[in-house]
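Q: Submitted below is the structure of interest, expressed as structure tokens.
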Amino acid sequence: MQSTAAVSVSASAITSGSGARSEAARRPGGLRVCGLRREALACSSLRISQAPARLAVARAAAAAATNGAVAGSGGFDYDLVIIGAGVGGHGAALHAVEEGLKTAIIEGDVVGGTCVNRGCVPSKALLAVSGRMRELHDEHHMKSMGLQVSSTGYDRQAVADHANNLASKIRSNLTNSMKSLGVDILTGVGTIVGKQRVRYGKVGFPDKEITARNIIIATGSTPFVPKGIEIDGKTVFTSDHALKLESVPDWIAIVGSGYIGLEFSDVYTALGSEVTFVEALDQLMPGFDPEIAKLAQRVLINPRKIDYHTGVFASKITPAKDGKPVLIELIDAKTKEHKETLEVDAALIATGRAPFTKGLGLENINVVTQRGFVPVDERMRVMDADGNVVPNLFCIGDANGKLMLAHAASAQGISVVEQISGRDHILNHLSIPAACFTHPEISMVGLTEPQAREKADKEGFEISVVKTSFKANTKALAENEGDGIAKLIYRPDTGEILGVHILGLHAADLIHEASNAIALGTRLQDIKFAVHAHPTLSEVLDELFKAAKLQPREERGSKPSQPPQPLLKALSFITALLSSSIRDRQR
Amino acid sequence: MAGLLHLHSTLLPSASALRRRAGAPAPSSSRRCFRVEAKIREIFMPALSSTMTEGKIVSWTAAEGDRLSKGDPVVVVESDKADMDVETFHDGFLAAVLVPAGESAPVGSAIALLAESEEEIPAAQSKAASFSSGASSSPPAQETAAPEASAPPPPPPPPAPVAISAPAPPSPATQGGVRVVASPYAKKLAKDLGVDLFSVTGSGPGGRIVAKDVEAALAAPKKAAPVTAARPDVPLGSTVPFTTMQGAVSKNMVESLAVPTFRVGYTITTDALDQLYKKIKSKGVTMTALLAKATAMALVQHPVVNSSCRDGKSFTYSSSINIAVAVAIDGGLITPVLQDADKVDIYSLSRKWKELVDKARAKQLQPHEYNSEGRKWCFGYSVVNLKMKGTFTLSNLGMFGVDRFDAILPPGTGAIMAVGASEPTVVGTKDGRIGIKNQMQVNVTADHRVIYGADLAAFLQTLSKIIEDPKDLTF
């Protein structure tokens with residue numbers, strides 16, 4: 001009974017999923033993925049009722065002792081084997097141990113994967129430097145705050161070391177956290193040799209075989225390099241090399257203006273480089289909400305030493321050699337006609353990421369990748385070539401391409417562990433925030449305005465948009481960082497939050513109030529009464545929630561299908577009482 | 001509600017009674033119907049917040065010439081708080097933008113003019129020209145338009161500044177085929193400071209123009225107007241690096257060595273041509289245009305001479321005949337291209353030629369003048385890059401008295417013709433007499449991979465026939 005239901009669901013998921021996958025792959029910022037909102041909501045409310053039972057299970061598991069004490073039942077070596085110890089695998093492993101599962105993680109490279117070693121983490125170190133440099137360089141800014149700075153400069157090697165040290169630190173934190181919980185870290189490349197069987201070892205010689213009740217593929221991705229581009233790692237390189245910061249070129253072309261390209265443009269221009277963007281689409285920053293992209297261009301591109309070519313492909317890139325610069329052949333994205341040749345000192349290829357799924361042995365279980373991505377349903381269950389669910393096999397993170405973000409991988413991993421622990425769970429991808437750590441930052445959750453309008457047209461409801469400026473926020477003005485806006489897209493009839501987009505100081509930290517509201521199904525009519533400390537940047541969101549105009553009838557009317565969260569309402573009321581009394585006392 | 005009722009009721013005979021009851025608003029509203037003088041309204045910089053003293057125009061959402069209805073968004077203004085769409089309070093046509101996008105204006109100052117009808121746009125524009133500060137944004141040429149003339153055809157709306165100030169388009173690294181390699185910041189600076197990158201010598205790697213070169217170019221004393229090149233002013237005893245243009249010329253000269261060229265000369269009698277020239281000179285026809293026209297007509301019959309060899313393996317036959325003509329300018333050489341010289345009539349060709357050479361000499365070329373629709377002409381260097389437009393090149397040194405010379409074939413084209421001066425020459429005629437005729441020598445350099453000796457010979461024979469009997473040149 002259950003299995004037939006699963007088959008019918010998954011069959012529809014394939015068709016919708018493949019579209020979403022290609023979309024997500026092309027536009028990492030785009031968030032139109034797996035829009036099964038209603039089910040997710042139903043599921044989350046289901047979970048609330050299950051909460052006490054779940055607690056009991058967890059407690060029992062904890063009591064049973066740490067991982068490994070109880071060997072995987074049914075003769076398996078492990079309850080769960082995760083292939084790939086990136087952020088996704090790590091998140092899944094930690095949650096699995098919490099659920100009392102005997103867990104192993106196989107890693108062929110270094111623990112931490114792309115995010116920790118070649119992605120989010122080291123880039124944040126470089127961006128921290130970039131932020132400081134920008135502040136120190138902005139004489140006008142400094143002067144207006146009464147500060148004087150004589151001269152600024154930087155030591156490239158020291159900056160590079162900072163990034164590298166941070167990566168090693170986070171890597172060892174990650175490793176230790178898994179070790180201390182008793183997750184077995186198995187070194188080697190994992191290959192699936194059959195149902196619930198994994199072999200691992202050196203590349204080409206997987207000599208050890210283990211069995212597992214459940215397997216999660218979490219092998220991640222590598223930088224995607226379009227054909228015609230020759231990478232030499234010195235003058236033409238990907239983010240992998242760029243993060244080592246072996247040089248700061250005078251002039252660097254960045255191919256791709258998604259968030260990877262944008263973050264690097266922030267780093268390079270802060271360190272004195274000039275940047276030329278090459279973007280295949282007609283607009284820079286194509287994955288972002290158009291209004292945010294427009295403002296980002298005014299704040300992050302136009303005033304900086306950056307120019308750009310849009311609507312062009314880099315058809316051929318030749319590294320610098322024999323005294324010749326890096327040559328970039330640009331062709332028109334539509335007509336494919338040669339447009340011009342750029343001569344620059346270096347080129348960073350930031351055209352997205354390709355799944356790393358070769359050598360997984362998927363052919364042994366009749367699974368065919370789609371452009372390298374492992375096909376999955378909305379429960380991350382791997383689908384075979386015939387569209388059937390492969391039992392006990394899951395794929396999370398960049399390898400499935402649903403939403404190529406570290407925290408999305410981790411959330412998917414946790415969702416899988418929930419399922420194998422006996423609780424159905426579907427992750428609502430529309431509640432997963434994304435951030436771009438430029439100065440100022442950009443963050444988003446849910447739908448962009450055009451996506452929301454499309455959805456509204458299709459499903460026949462109205463949407464409203466409210467905006468607020470960081471120039472209206474006291475804390476932002478105190479920091480002298482008034483550049484930025486926040487934008488809320490919502491349904492005025494139900495108060496549902498469809499999307500929030502922020503560009504401004506600490507936007508990446510601010511987004512979570514909105515993403516949590518979407519995840520928990522909190523409505524505007526409830527959250528607008530939540531109190532924010534004054535003066536904080538959080539008041540930017542407070543402003544949005546309060547500015548949202550709802551249709552009064554609906555607001556007061558009963559909503560039997562989606563009851564508001566009474567708990568949160570009570571909590572927010574208590575917080576409101578508390579904080580107001582505290583403030584009163586302070587006065 | 002009462003007001004609304006009242007407006008309707010003024011049409012009724014019993015209006016007076018109602019008016020008495022309604023009170024004050026009535027006279028003002030009825031008077032408004034007759035107030036026709038305020039047809040051109042100013043759009044002011046609004047105060048978007050209590051603390052706002054000036055606002056920056058983010059973008060114009062309407063372009064000059066656009067019809068607007070009350071409530072339509074016209075402009076996006078950035079205040080100290082936020083960006084706001086500003087709407088018009090009246091119906092009309094956006095006649096003139098006084099403050100272009102990207103610039104700021106104090107609260108309450110006029111930022112644009114709104115004309116009530118299309119006929120008033122010229123009047124509004126002449127009014128705009130009188131705004132001293134904003135005058136630069138609207139062409140003063142429109143001042144001559146007579147606002148009182150009865151229903152004059154509305155002039156085409158001037159180029160909307162919106163188009164220029166929309167998010168800075170990537171400045172071309174190539175201009176008319178000539179590569180100007182300049183760093184992003186150098187390009188930005190050049191645009192802001194109004195420095196022509198063609199006149200800047202690059203000091204960066206590979207001769208690239210960097211920001212300090214642009215600053216240096218601005219600081220350097222302005223060169224004398226290019227037209228009045230009096231005495232060569234060169235710093236003797238020093239080494240002067242190539243300008244970008246000269247560097248490009250040098251590079252292409254070396255590249256040309258890879259092409260196997262040969263030359264064929266011909267002497268053409270120009271008496272008939274000279275007579276024709278005298279006759280139609282007053283109509284603005286130039287000798288260069290005549291020669292270009294004659295050459296183009298000859299090329300129609302010899303398409304192979306209009307072809308080129310791009311890959312060493314094939315003929316590339318051009319679909320149109322575009323004659324590039326080399327012109328010396330201060331510090332270099334340019335080759336404006338006369339597109340479709342075989343099809344355009346001689347008068348238009350001459351006009352075009354004159355206009356473009358003047359501009360080229362003054363280096364006033366704007367990107368749209370050589371990019372738009374590929375129609376007009378192209379700004380390039382004969383020896384640099386003609387793959388885009390010129391299919392055959394003419395080089396004329398006759399005006400200096402040069403009687404013959406030899407030209408280097410620009411890479412990417414099939415042939416170039418060097419034209420010497422036409423001079424009275426003693427010739428033996430067919431009937432055994434000796435006479436004096438005006439003759440000029442032409443010398444064609446061609447790529448022997450595609451154009452053979454006999455091809456050139458036949459082409460030159462045709463050309464000489466056309467020039468010696470030029471009646472077809474004027475149609």
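Counting begins at 1 with the first residue displayed.
Every residue gets a Cβ built from N, Cα and C, even glycine.
So TrEMBL has the following annotated:
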{"type": "DOMAIN", "residues": "A:78-413", "note": "domain 'FAD/NAD(P)-binding'"}
{"type": "DISULFID", "residues": "A:C115-A:C120", "note": "disulfide bond"}
{"type": "BINDING", "residues": "A:K124, A:G190, A:T219, A:G220, A:S221, A:D398, A:M404, A:L405, A:A406, A:H407", "note": "FAD binding site"}
{"type": "DOMAIN", "residues": "A:432-543", "note": "domain 'Pyridine nucleotide-disulphide oxidoreductase dimerisation'"}
{"type": "ACT_SITE", "residues": "A:H534", "note": "active site, proton acceptor"}
Q: Assuming the binding residues for FAD are exactly those in the record, A:K124, A:G190, A:T219, A:G220, A:S221, A:D398, A:M404, A:L405, A:A406, A:H407, what is the maximum CA-CA distance in angstrom, rounded?
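A: If we measure all Cα pairs in A:K124, A:G190, A:T219, A:G220, A:S221, A:D398, A:M404, A:L405, A:A406, A:H407, the largest is 30 Å.
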Q: Just give me the nearest neighbour of A:H534 (active site, proton acceptor) among the recorded positions A:C115, A:T219, A:S221, Cα to Cα.
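A: Checked the recorded positions A:C115, A:T219, A:S221; minimum Cα distance to A:H534 (active site, proton acceptor) goes to A:C115.
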Q: Are any of A:T219, A:S221, A:M404 (the binding-site residues) within 10 Å of A:C120 (disulfide bond) when you go C-alpha to C-alpha, and if so which?
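A: Of everything listed, nothing lies within 10 Å of A:C120 (disulfide bond) (Cα to Cα).
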Q: Can you tell me which binding-site residues out of A:T219, A:M404, A:A406 are within 10 A of A:C115 (disulfide bond) by Cα, answering none if there aren't any?
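A: A:A406, listed in sequence order.
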Q: Three states by DSSP: which one describes A:S221 (FAD binding site)?
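A: Strand, per DSSP.
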Q: Among the binding-site residues listed here, A:T219, A:S221, which has the most company in the form of other Cβ atoms within 10 Å of its Cβ?
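A: Answer by Cβ density within 10 Å: A:T219.
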Q: Report the member of A:K124, A:H534 (the recorded positions) whose C-beta atom has the most other C-beta atoms within 10 angstroms.
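A: Per the Cβ count, the most surrounded site is A:K124.
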Q: Determine the mean pLDDT over the domain 'FAD/NAD(P)-binding' (A:78-413), rounding to the nearest whole number.
A: 93
Q: Which has the fewest other CB atoms in a 10 Å radius around its CB: A:C120, A:M404, A:A406, the listed recorded positions?
A: A:C120
Q: Give the three-state DSSP assignment (helix, strand or coil) for A:M404 (FAD binding site).
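A: Looking at the DSSP assignment, A:M404 (FAD binding site) belongs to neither helix nor strand, so coil.
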Q: With H, G and I counted as helix, E and B as strand and the rest as coil, say where DSSP puts A:C115 (disulfide bond).
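A: In three-state terms, A:C115 (disulfide bond) counts as helix.
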